[in-house]
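What follows is a short report on a single structure.
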Amino acid sequence: MRLVLLGPPGAGKGTQASLLSDALKVPHISTGDLFRANISQGTDLGKQAQEYMDAGKLVPTSVTADMVRDRLNQEDAADGFLLDGFPRTIEQAELLEKMLQDDGHSLDAVINYVVSEDVVVDRMLARGRNDDNEDTIRTRLEVYRNETAPLIDHYKDVLLNIDAEGTVEDISCTTLNALDK
């Protein structure tokens, strides 16, 4: 299965991706992990990403998309994947669709984890990370609403909305049931 995971920060995408990856036998591909791997391995793409990050700038879509393309071309992703953190914008969604079409594929589903902002704030504050204060969290949620939420409409034909306010196990079961797995 070829899947994209959507949802605000703190929705539990990473947790669910790990469980789904095991259940579906496909790799969990996180853009954060891709950045770290490319930078630590000193790849050309990693060096480009590092330059932008060192300058305090966002890594351009072209660099991120190239990292994703390289990862999707690895053997373990031949039969499917879970993408987490890409696409974040309509432009990136269109690039992903082109990448998949070039290989004769398309997305099977886009899983949108739905969770209230108050629950997100509570979850993220409970993590105890230094950069997780309520103002920062609400700013991240606003960025998500403005940039990533339009993908929900873009993917309406393959979108599965999943209530992400239950237990980890319940959310995982609901997701697998929605995928008929």
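Cβ atoms are placed via backbone N, Cα and C, with glycine included.
Source: prediction; values computed, not measured.
What Swiss-Prot lists as ATP binding site is G10, A11, G12, K13, G14, T15, R127, G166, and the listing cites sequence analysis. Remark: G166 (ATP binding site) has T174 as non-local neighbours, by Cβ distance under 8 Å and separation of at least 6 in sequence.
According to Swiss-Prot, the region 'NMP' annotation covers 30-59. In the region 'NMP' (30-59), the DSSP tally of helix, strand and coil residues is 21 helix, 1 strand, 8 coil.
Marked as AMP binding site by Swiss-Prot: T31, R36, K57, L58, V59, G85, F86, P87, R88, Q92, R129, R140. Listed in sequence order, the residues of the same chain lying 6 or more apart from V59 (AMP binding site) and placing their CB within less than 8 Å of its CB are F35, Q48, A49, Y52, M53.
With helix defined as DSSP H, G or I and strand as E or B, the region 'LID' (126-132) counts 2 helix, 0 strand, 5 coil. Swiss-Prot lists 126-132 with the feature region 'LID'.
The Cβ neighbour count for F86 (AMP binding site), using a 10 Å radius over every protein chain in view, is 23. Each residue contributes its Cα atom, and for G12 (ATP binding site) and K57 (AMP binding site) these two points are 26 Å apart. If you count neighbouring Cβ atoms within 10 Å for each of the binding-site residues G12, G14, the highest count belongs to G12.
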